[in-house]
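Listed in TrEMBL:
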- 279-312: transmembrane segment (TRANSMEM)
- 333-350: transmembrane segment (TRANSMEM)
- 413-431: transmembrane segment (TRANSMEM)
- 451-468: transmembrane segment (TRANSMEM)
- 503-520: transmembrane segment (TRANSMEM)
- 621-642: transmembrane segment (TRANSMEM)
Amino acid sequence: MGQFQAGGFLVSSNGHAVAEETELSENVYSMNDYADTASLLEQDIRAGPSNQSGLRFISGIICKSKVLRFERMLFRATRGNMLFNQAPADEEIMDPVTAEMVEKTIFVVFFSGEQARTKILKICEAFGANCYPVSEDLTKQRQIIREVLSRLSELEATLDAGIRHRNKALTSIGFHLTKWMNMVRREKAVYDTLNMLNFDVTKKCLVGEGWCPIFAKAQIQEVLQRATFDSNSQVGTIFHVMDSMESPPTYFRTNRFTNAFQEIVDAYGVARYQEANPAVYAVITFPFLFAVMFGDWGHGICLLLGALVLIARERKLGNQKLGSFMEMLFGGRYVLLLMSLFSIYCGLIYNEFFSVPYHIFGGSAYRCRDTTCSDAYTAGLVKYREPYPFGVDPSWRGSRSELPFLNSLKMKMSILLGVTQMNLGIILSYFDARFFGSSLDIRYQFVPQLIFLNSLFGYLSLLIIIKWCTGSQADLYHVMIYMFLSPTDDLGENELFWGQRPLQILLLLLATVAVPWMLFPKPFILRKLHTERFQGRTYGILGTSEMDLEVEPDSARQHHEDFNFSEIFVHQMIHSIEFVLGAVSNTASYLRLWALSLAHSELSTVFYEKVLLLAWGYDNLVIRLVGLAVFAFATAFILLMMETLSAFLHALRLHWVEFQNKFYHGDGYKFRPFSFALINDEED
């Protein structure tokens, strides 16, 4: 829009000068007491015809911060032959030059003479004052105000109409924007895929190479034939299975239940093609190890309710844009479900409901030592019937031997679970080696690893089970330490079964032999096989000339690199040392199951006894409500959020480091098929 000019007034299209002029007209109209006669400014800023006394005036608006200097300069320039009057504007006005909201002052300067007028106009220009012609005739002033207000209303109507039109256009665009963006993404994806294809020799067909799951070959052929028919193509589509020297991508078919567990494993590394998938076992072992650290069936019920809410609202939440935390929680809803169920199970074993034991499966197996015993928590207890049928006897809670008993139970249980899971990892390495036909890995990696681990920590697990079954008072610390320091000494009262000392010597020798068994044979056998292959005793597959021509310098179809014995030996040495040291450190790492379980139980006990019971001991409703609120807050934010996150991360570490490093390489890459649905998910 341009500028509007009528009746000698210049009005900017943005209305700022009009606003200043309106403010000026109203204030000058209120200051007519200072002058009886005046004339209009000619043209843009021109003084009108003078009256009998030759008195003139110039009016305008100036920034409030310049008023004092402006008035002083006018006084000096006219030598006091002027009358200056000012009035503050009612509100901040946007400056037409700087487009900023500033405080301004309206002024009127009365003077006489043409020279004074010239000086005043130059001073106004120097100070950046905006001058406007205002008539001293009341009728003309009202007419000016009406005209300016009319123009303002016209401008406002024009702006409102423009805003409405813009909003209508944006609303229409917004309604179709998602559809347009999806269409553009699909077109870009299609053309990006087409750019990967190559022309054939005749330059009339496109040739593309890619991966597809074996089970989907028939479906892909059917779709290609249907596409050829629908497009009325004169050339049929040829689908041909070809051999490749590249390692195929990894693809696991998952559903809503197993997808979260697969994502947990893939976060460590994508499985090598046809490698054993740890996610199959993590579906059970991950929530179970979490529950061992989080065992409380009261807290487990709270987690179960949260998981059931997420599952019940699955369809609604799946179509919404969720925050990062909520999206992670929703994605792991089935993991949370299993963690809560196993937490209830382990909580029943620990017999803890918000740290309080209950006689759920019958009465206690212990009672007071005599009939005069009144306090079962301080006086001695004696066992008088069969053990508690399931889990920990509730009488242990609060007794003097509670902590030593639970510590011993959970520590030994952690070692048993750790050795079992590590053995599972080694056994899976056997199945991997047998599937890939690697007899060297079976003979010189699987067998010595299994012998070394079970000669030391498998034997320790056996001692724990025997001690539990026989009720022996043997010190297992002493047995394991002197198994290395003095293997031939008599065990004395620490002997758990006949023939224990010869067995310990045999196991120690097997563990000693297993270390060089892992280290030396494999590199030398590999060097021997490599030498025989190039001496003509063993023949390998020869590549054709066409394959050699197609090989690119940096492609995966390169010839095998030269055999480097030192590199192979160093790699095997690192692997062997890592396993030997890791067998000790990984077993010790499983003691985190005991530590976190103990911490969770003690925190629950502290909040229950020192907060809830302490507040409930007062005969005051306010104190009881405050204690209940503090207990609920601590349970929700510390035990159900922080402890859940802590146990989750520790269970994650046990699977990634202690379990998966026994067999899992994790150096593959995911199969990413062309899919419009995946394109939209990645953009979201």
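Cβ coordinates come from backbone N, Cα and C, glycine included.
Curation does not apply to TrEMBL; its annotations are automatic.
Between the transmembrane segment (621-642) and the transmembrane segment (279-312), the number of CB pairs under 8 angstroms, six or more residues apart, is three or more, so the stretches are in contact. Pairs of Cβ atoms less than 8 Å apart link the transmembrane segment (279-312) most often to 333-350, out of 333-350, 413-431, 451-468, 503-520. Simply put, out of 333-350, 413-431, 451-468, 451-468 has the most Cβ pairs sitting under 8 Å from the transmembrane segment (503-520).
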